Amino acid sequence: MSNKITILLAVLLAVVACAQAHASHQRRVPYPLPRFLPRPHHTVSNHRIVGGFEIDVAETPYQVSLQRSKRHICGGSVLSGKWILTAAHCTDGSQPASLTVRLGSSRHASGGSVIHVARIVQHPDYDQETIDYDYSLLELESVLTFSNKVQPIALPEQDEAVEDGIMTIVSGWGSTKSAIESNAILRAANVPTVNQDECNQAYHKSEGITERMLCAGYQQGGKDACQGDSGGPLVAEDKLIGVVSWGAGCAQPGYPGVYARVAVVRDWIRETCGV
C-alpha cells in the first residue's frame with residue numbers, strides 16, 4: 001500500500017510540475033496572432049490597441065502596416081526614405097517578396113501607398129525562445145515620398161536611458177481587447193514606462209526581462225498593445241524608444257507590455273541602414 005501511495009504522489013507532483021512549467025512558458029509570447037511566432041502561412045486578424053482611441057495617421061506619420069498577401073500582420077516605423085523598423089518575430093521565416101508595407105493611411109486595408117520590401121535584415125542575435133533582440137530592418141524597393149502623413153521618426157542615441165514613469169504613445173491596428181474584434185482604423189494609447197526591476201518581477205516566471213527590453217503600461221491594466229500591434233512604435237518625446245514585442249495577454253493587471261528597447265541597438269541600425 002505504501003508503495004502505491006508513493007507512486008501516486010510522484011505522479012501527482014510530476015503533473016503539477018508540468019502544469020507550472022507550461023503556465024510559465026505561456027507567459028512569454030509575442031504579439032501577432034495566434035500568440036506564437038508568425039509563419040508565412042498564418043493569417044493575422046485585424047486586432048488592435050486595447051483601451052485606446054482612434055487617431056489619424058497624420059498624428060503618427062511614422063506608422064506603417066506590414067502586410068503579407070495584402071493582410072495586416074504587424075506594425076512598423078519609418079526610419080528613412082528606404083528603411084522600416086519592425087519586430088524580428090514579425091519577419092522570421094519570411095521572404096522579402098512576400099511582404100509589403102502600407103504607409104500614409106489610417107486604414108491598413110486601403111489608402112496611402114503600398115511599397116514592396118526588397119530586403120529583410122533581422123538582428124543576428126534574435127532568439128525565438130526568449131524573444132530577445134526582437135528587431136528587424138526592412139529595406140524598401142523604392143524611396144518614400146514624405147508628406148504630412150508619411151514621416152521618419154527620430155531615434156535615441158546609443159544606450160540613451162529611458163526614465164521611469166514617462167508617458168508614451170503606442171499605436172497600431174491590433175486588438176482592442178484580448179478577444180477578436182475586427183476594425184481597420186488606426187488606434188493609439190498612452191501608457192507610462194515601468195521600472196525595469198518591477199517589470200522583471202512581473203515576468204520572473206518567464207525568465208524575466210533582458211537589457212534589450214523595456215516595459216510600459218498601468219499596474220491595473222486596461223491599456224496596452226495587443227495582437228497585430230507587434231513591430232509597431234512606442235514613442236516618447238518624439239523619439240522611437242521601443243518596438244512592440246510581447247506580453248502576458250493584453251492589458252492584464254500586473255503585466256505591462258514588453259517592448260524591444262531601441263537605444264541598445266542604435267549603432268546596429270546606423271551600421272545597417274545609415275540612419
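Note: Cβ is positioned from N, Cα and C throughout, glycine not excepted.
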Looking at the disulfide bonds in Swiss-Prot, identify which of Cys199, Cys226 pairs up with Cys215.
Cys199
Helix, strand or coil by DSSP: which one applies to His89 (active site, charge relay system)?
helix
Ser230 (active site, charge relay system) in three-state DSSP notation:
coil
Determine, to the nearest whole angstrom, how far the Cα atom of Ser230 (active site, charge relay system) is from the Cα atom of His89 (active site, charge relay system).
8
